[in-house]
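Engineer: Dumping the structure here so I can ask a few things about it.
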Amino acid sequence: MILFAIIALALLGLASGLLLGFAYQKFAVEEDPKFVKVLSLLPGSNCGACGFAGCRGLAEALVAGKAEVTGCLLGGAEVGKAIAEALGIEGNEREPKAAYLRCGGGREQSTLNFDYQGVPNCKAANALGRGCKTCSYGCLGFGDCVLVCPVDAITMSKDGLPVVDIKKCIACGKCLKECPRNIFTLLPKKTHYFVNCNSNDSGAATRKACKVGCIACKLCIKACSSAAITVENNLAVIDQYKCQNGKDCCMKVCPTKCIIEFKS
């Protein structure tokens with residue numbers, strides 16, 4: 001009896017398998033060759049940085065003409081060019097950008113209003129009296145941005161500030177959305193000089209809150225012959241397309257050293 005039951009189950013399994021195989025062949029929907037080709041060109045990481053539901057979702061949008069060929073931020077210009085060739089269209093080259101943190105106020109540079117001992121994430125800390133730091137614009141340092149980065153381009157420094165690997169960053173914008181204080185900004189990867197501050201407080205208030213904050217003294221404006229610097233809401237802003245990368249060197253005249261240099 002036991003042997004009979006085993007044989008019957010085996011035959012039933014074989015019959016079911018054959019039936020499923022026949023149904024698959026009979027009712028299979030052939031995929032568009034263009035879709036298959038485009039999907040094969042994508043990295044396959046399904047990071048979601050493109051804004052679609054993984055690589056398959058982006059491939060479908062590309063074939064349907066609902067996405068730019070440069071949509072794959074992880075693949076970069078090389079993948080965008082290959083996709084454009086596969087679809088037989090011209091692709092616009094995307095300017096390489098990266099996320100930059102507009103804050104230099106780590107543990108050693110900034111002052112605190114109180115000792116925060118709550119849930120260790122930035123959103124929770126920011127919800128409690130706008131955070132423990134005296135500067136209500138500065139980085140809270142719990143690393144929410146690190147967790148959302150799809151390419152591990154962000155790490156935390158010993159001073160409690162996120163450090164972005166400019167070369168690895170794909171400018172997906174996830175850290176910008178995650179940060180409750182909007183401290184990150186996307187700038188061209190060729191950025192050379194950068195105002196490492198996000199505060200809109202007065203110069204006097206900034207001095208009390210942080211050693212390296214922008215105090216809107218405007219000395220950098222006077223030093224820049226290319227008119228690349230303006231002060232908006234008590235914060236210096238450098239126009240990266242006008243900046244001559246050290247011709248006058250605003251960094252040298254900045255009294256708080258909040259203008260920093262990137263050597264990428």
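Don't overthink the numbers, they just go from 1 along the chain as shown.
Including glycine, each Cβ sits where the backbone N, Cα and C put it.
Note that the coordinates shown come from a computational prediction; the quantities given were computed from them, not determined experimentally.
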Engineer: Where TrEMBL shows C135, C139, C145 binding [4Fe-4S] cluster 2, which of C169, C172, C179 is named for the same site?
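Structural biologist: Same [4Fe-4S] cluster 2 site in TrEMBL: C179.
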Engineer: Which of C149, C197 does TrEMBL put in the same [4Fe-4S] cluster 3 site as C169, C172, C175?
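Structural biologist: Only hit among C149, C197 in TrEMBL's [4Fe-4S] cluster 3 site, alongside C169, C172, C175: C149.
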Engineer: Check for me, if you would, whether the domain '4Fe-4S ferredoxin-type' (160-189) reaches the domain '4Fe-4S ferredoxin-type' (203-234) - at least 3 Cβ pairs under 8 Å, residues 6 or more apart in sequence.
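Structural biologist: The domain '4Fe-4S ferredoxin-type' (203-234) and the domain '4Fe-4S ferredoxin-type' (160-189): touching, no.
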Engineer: Out of C50, C55, C72, C135, C139, point to the one nearest C149 ([4Fe-4S] cluster 3 binding site) in space (Cα versus Cα); all of them are binding-site residues in the record.
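Structural biologist: Closest by Cα: C50.
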Engineer: Find the shortest Cα-Cα separation between C175 ([4Fe-4S] cluster 3 binding site) and the binding-site residues C47, C72, C135, C139, C145, and name the residue that gives it.
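Structural biologist: That would be C145, the closest of C47, C72, C135, C139, C145 to C175 ([4Fe-4S] cluster 3 binding site).
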Engineer: Indicate the candidate from C47, C50, C135, C145, C169 with the smallest number of other Cβ atoms within 10 Å of its Cβ, considering only these binding-site residues.
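Structural biologist: Across C47, C50, C135, C145, C169, these binding-site residues, the one with fewest Cβ atoms within 10 Å is C47.
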Engineer: Starting from the Cβ of C72 ([4Fe-4S] cluster 1 binding site), draw a 10 Å sphere and report how many other Cβ atoms land inside it.
Structural biologist: 28
